[in-house]
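Visitor: Take a look at the following structure, please.
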Amino acid sequence: MVEPVGNHYVIARPVYSENAFNEEHEKLHRYHKTFWDHLKLYFSCSPQRAKKIALRLFPVVSWLPAYRFREWILNDIISGINTGLVAVLQGLAFALLVNVPPSYGLYAAFFPVLVYFIFGTSRHISVGPFPVLSLMVGGVVTRLVPDDSTGNGTSTNTSAINDERVMVAASVTFLSGVVQLLLGIFQFGFIVIYLSQSLISGFTTAAAIHVLVSQLKFMFQLSVPGFNVPFGIIYTLESVFSQITKANVADLVTSLIVLLIVFVVKEMNDRYKEKLPAPIPIELLVTILAALISYFVNLEEKFDVAVVGKLEEGFHAPVAPDADILQKCIGDGISIAIVGFAVAFSVAKVYSIKHDYPIDGNQELIAFGLGNIVGGSFKGFASSTALSRSGVQESTGGKTQIAGIISSVIVLVVILAIGFLLAPLQKSVLASLALGNLKGMLMQFKEIGILWRKDKYDCVIWVVTFLSAIFLGLDIGLAAAVAFQLLTVVIRSQIPSCTVLANVGRSNIYRNRKDYTDIYEPEGVKIFRCSSPIFFANIEFFREKLITVGFNPLRVLRKRNKALRKIRKMLKKGELQVTPKGLICMANPTYESEEELDNNKIEELDQPTIMTDLPIRINWSTDLPPGITVPQVNIHSIILDFSSVSFLDFSAMTVLRKVISIHEFVRLDIDIYIAGAYDGLLDKLERSAFFDEEIKPSMFFLTIHDAVLHILLKKDIANSPKLKEPVMLKTTLNPDYHFVVQCEIWKQKLEVFIQGLRPTESGL
């Protein structure tokens, strides 16, 4: 019973072991579904289930009929136009990262949007090219189709190389889409949990550096080959700076001016976003201005700058992926699929929380998988969602994916009708626009200091991920980062936090004894907590930490057995005599070495101490005969707090059983109690034959305090010969947080027991 008393509470209940609690409170026997039950349910079919699956597979059917046309349509139109303009420019710019002609970036900005409109669950993200994915695809492209090393730059040769690169980009995109689709079908949406926020942040920051380096050749207009190998970024920088004297000054100046303008205006958009009705479309303005200047000044002929050139109008017929290419880029396809989904899901999750609607990770995988399959079939490259573009769609008032459809219409108009207007645009302008969208990613360097103060493990993960992705490349770097992150999890669980607890404030609260001054530790009782699952990898660490709580039980057991051997020899020689007061030494004892005491029977030292053949029972805590020393043991009970232990595996059970009974604590007459074990542990231990005559289920208690009160009561009954009858214990927590232990005894002297449990003497 719990009664409130002001801001205190009063508890009155018996001391519960697990067995006592289960006997008093009947536990329901619930049927737990087996794997086959789940499998049958998954493949079962009914009209309701079919409808549910259809609505889940086609989310547009759920939200489109409920679309509030009058309230939302204007916002979606404005948002769609702004997002579409940004999508056109980013599609052209990110195509440079893939090393394919710019027009193919428009296909990547068009087809995935249409597919996501039907299958996606997020209402606010803008689907299309993403710089990190574009760079990863570009790495595959340059590896399989390197630059022409012969220097023969004829249009025919360049066109053939471009066609091959487009095919590689389309094939790896198709493969990544298949991977995402399969992961979604088999419900592997949880895979994103293995990519922590620190890992994604470090990876995208490294990708931003790769994007920056990859765009230098367009800013300086240099012929730099692609190096998709470990330390490729160093080789790229070496190639750039070795040719720096050949840089095109006009392209460099244009790039710097565009970068400066874009950064300044984007900073204004961020600083005054509350006052501006919509962000200033600086990319669009800069593009129009740069195209007009290039057209009227004729920069291509006067300064030999590189321009976008004629964009192909219309669409290509869908093509099947190249089987040879697919075999060579399986690993790349998997990494592109996972990174693309992780980034898109992270952004979608942010907006779903902000606007309070659910998203489905598995359905998102299906949506992006189908989008990449369709996009790759039409010679586009991998899509996800760009943070800046999604920000434009949401900040300009977009309510649903109707805004995405309108943005795709803008892209369609450029593809079919007005793409020729972008022909005179300098490639260096597109490179600068691509870099202008990296501000948010580059600013993530600030997270290092924040993470170091909050969680040093996360900070190390960030740094290792960044360095791995920088020097090993994005594909190998991502794999290395995930492996390192999982290693940190293993290390943290393998070396868990183990503490010794004490009672704080004379209440039922137990905390680390090193953190508080007002503590109480029952005499001879140690409370040990392990804040981690206990399994094969950390059970030995757990055992070592438990031993350091007080003493090494195996060492004490061996010392006692050696002492018994020596006592037997001294009794046999007459050097010891038994008296009512104990053992008295009658002569100078003969000292023997440790080897002589071992007597080549070391294994016997690990057996329980047997005193049945002695005329007196040895009390190890009293004075022993001269020449015999045994470590003092001041502990009679150890409580293992399992409230933070989520599971034990079979290896841990075996070692734990050995620690408790076989040759450790029980053989030294030390009682072990386990408190706060998770539900089902007792059943699991019984199935594993954990219990025997020495280890019994009665050692399990509901809480630490139940175990402590049980130990104190047991000790007082043992020390008081007048308390022979069974005692019922009842505890009450009074408003002063002091425990009063009341005992009801059949016609016994109550004062003897209460005297031993007063707060001033025993602490509770």
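Glycine is no exception: its Cβ is also placed from the backbone N, Cα and C atoms.
What you are looking at is a predicted structure, and each value in this text was computed from that prediction instead of being measured.
What TrEMBL lists as domain 'STAS' is 515-711. For 77-98, 104-120, 127-146, 166-195, 249-266, 278-297, 334-353, 365-382, 402-423, 460-487, the entry in TrEMBL reads transmembrane segment.
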Visitor: Check for me, if you would, whether the transmembrane segment (334-353) reaches the transmembrane segment (77-98) - at least 3 Cβ pairs under 8 Å, residues 6 or more apart in sequence.
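Guide: When sequence-distant Cβ pairs are counted, the transmembrane segment (77-98) does not touch the transmembrane segment (334-353), since fewer than 3 lie under 8 Å.
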Visitor: Which residues of the chain, 6 or more past the ends of the transmembrane segment (104-120), have a CB below 8 A from one of its CBs?
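Guide: 57-60, 87-88, 90-95, 98, 126-129, 166, 169, 311, 315-316, 363-364, 366-368, 370-372, 374-375, 378-383, 401, 404-405, 407-408, 411-412, 414-415, 419.
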Visitor: As a test of reading the model: what is the averaged pLDDT for the domain 'STAS' (515-711)?
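Guide: Mean per-residue confidence for the domain 'STAS' (515-711): 77 out of 100.
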Visitor: Which listed stretch (127-146, 365-382, 402-423) has the most C-beta pairs under 8 A with the transmembrane segment (460-487)?
Guide: 127-146
Visitor: Sort out the residues at least 6 away from either end of the transmembrane segment (166-195), same chain, that have Cβ-Cβ distances under 8 Å to it, and list them.
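Guide: 98, 100-101, 104, 137-138, 140-141, 144-145, 319, 321-322, 325-326, 329-330, 332-334, 336-338, 340-342, 345-346, 360-383, 482, 485-486.
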Visitor: Compare 127-146, 278-297, 365-382, 402-423 by their Cβ pairs under 8 Å to the transmembrane segment (77-98) and return the stretch that comes out on top.
Guide: 402-423
Visitor: Against which stretches of its own chain does the transmembrane segment (365-382) lie, if we need a Cβ under 8 Å and a gap of at least six residues from its ends?
Guide: 57, 95, 98, 100, 104-105, 107-108, 110-116, 118-121, 127, 129-130, 133-134, 136-137, 166-167, 169-185, 188-189, 315-316, 318-321, 336-337, 340-341, 344
